[in-house]
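Some features that Swiss-Prot has for this protein:
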| type | residues | note |
| --- | --- | --- |
| REGION | 1-74 | region 'Domain I, interacts with DnaA modulators' |
| REGION | 74-117 | region 'Domain II' |
| REGION | 118-334 | region 'Domain III, AAA+ region' |
| BINDING | Gly162, Gly164, Lys165, Thr166 | ATP binding site |
| REGION | 335-455 | region 'Domain IV, binds dsDNA' |
Amino acid sequence: MFDIEKFWQHFNDEMRARFNEVAYNAWFKNTKPIFYNKNTHELKILVQNPVAKGYWEKNLSSQLIQSAYGYAGIEILPVFQINENNDSPERIVTPEPRYAIQLQQEKRAHKQFTKNLKLNEKYTFDNFVQGEGNKLAAGAALAVADSPGSFYNPLFIFGGVGLGKTHLMQAIGHQMLAERPNAKVVYIQSETFVNDFINSIKNKTQDQFREKYRTCDLLLVDDIQFFAKKEGIQEEFFHTFETLYNDQKQIVMTSDRLPTEIPDLSERLVSRFTWGLQVEITPPDLETRIAILRRKAEAEGLVIDDNTLDYIASQVDTNIRELEGALVKVQAYATIERADINVNLAREALVDLKLVQKNRGLQISKIQEVVANYFQTSTAELKGKKRVRQIVVPRQIAMYLSRELTDASLPKIGQEFGGKDHTTVMHAYDKIDKQIKTDTEIKSAVFDLKQMIEH
């Protein structure tokens, strides 16, 4: 008799030996068999999300079949089912396989090439701290690194400043070079592409420019929103994209917003940017922030107890960059005071932190509250569906301010306003943006509200 539980343990032991800890946790930790049909040999397996399902089907199912045949002489038929009980299935994905052992020769070649690419050596998958806000992006990035040009192409990672988009993007480059040291990887800021293009025209070196960008195996473009309103650049990048995509070369882009939100981005680029997968990174939750601080402290050789890490993490809920900045501030304060780092010292060091933080990420509820009080309505009305002017105008202003004062994407803002579509938020933003220039009453209200929210 085929014992599913024992076989699954056997298969997991095989995979644990093959993959490193990061990889194993990515695809096996939250995956389990839920049903086996002894007549058809169909094995139903529960996975966490669409990315995990796609990766198992493409990369792991054959290994599962081979393992079952070797274990029990049975040719199983794996069927993968997404866990519908997952609270946020679209966000729960973890990284994927990296082989633990690499030849020293490959490592040397990797390091030499990486230096020329200007990739940050710290930006690897092993150094990436995962949480609820970035699991899907991390899993997608790992899937791309494992099967470039075929899994999600292009991969479009979007989200606010300092949340780890560049880290994930460069980690893809690091992994490709670790596995294929001779691969041609090009990592650039979008401004670099613009400057290179302009210089190629000026110096009549367009052929060299196109050779650089159209013959690579992996193109990583950071902050693609910089292409907004640049028609000539968009035209050139379109042809670069077409060439790489048709040659099945991987393209990865980051942005602070969705392709549809980038102003004056050509329709054909918007279309192509959405061919693959678009994944959002959101601000880290408390547990993730503590994990980030703990890893940072260990890297710096700092001894900080859990209570102090918890306190620092509770003071910064915006992004990783500001979170690590808070730790640096605490460290500097401890050095100046010649004191050990503890909760009291951290409290003194960060006493003015809240005064200088910008309104971002998770503060849409505050904006709704201030706007509701200003217009003598309720947050429930702002989130509701009433179309009377007394509600519609405050709602649109609240959406406008949410877009202006936070790093939240349009879909996220729509979600905070009763699950409205992102196009509704876009319409509200555009309308208020225009009215500010022509309607003194609206302009005055927006100005007053900004002052109230920011102070």
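Each Cβ is built from the backbone N, Cα and C atoms, and glycine gets one as well.
Of the chain residues outside the ATP site list Gly162, Gly164, Lys165, Thr166, Gly159, Val161, Leu163, His167, Leu168, Thr254, Ile281, Asn319, Ile320, Arg321 have their Cβ within 8 Å of the site's Cβ mean position.
Long-range C-beta contacts of Thr166 (ATP binding site), restricted to its own chain and to partners at least six residues apart, with a cutoff below 8 Å, comprise Asn120, Tyr123, Asp222, Thr254. Shown in sequence order, Phe128, Asn134, Ala137, Ile281, Ile320 are the residues of the chain, 6+ apart in sequence, with a C-beta less than 8 angstroms from the C-beta of Gly164 (ATP binding site).
DSSP places the residues of the region 'Domain I, interacts with DnaA modulators' (1-74) in helix, strand and coil in these numbers: 45 helix, 13 strand, 16 coil. Its Cβ placed at the centre, Gly162 (ATP binding site) has 18 other Cβ atoms within 10 Å. Per-residue pLDDT, averaged over the region 'Domain IV, binds dsDNA' (335-455), rounds to 85. Note: the region 'Domain IV, binds dsDNA' (335-455) comprises 86 helix, 0 strand, 35 coil (DSSP; helix = H, G, I, strand = E, B). Non-local neighbourhood of Lys165 (ATP binding site): Ala137, Ile157, Phe158, Gly159, Asp222, Thr254, Ile281, each in the same chain, at least six residues away, with C-beta under 8 Å from its C-beta.
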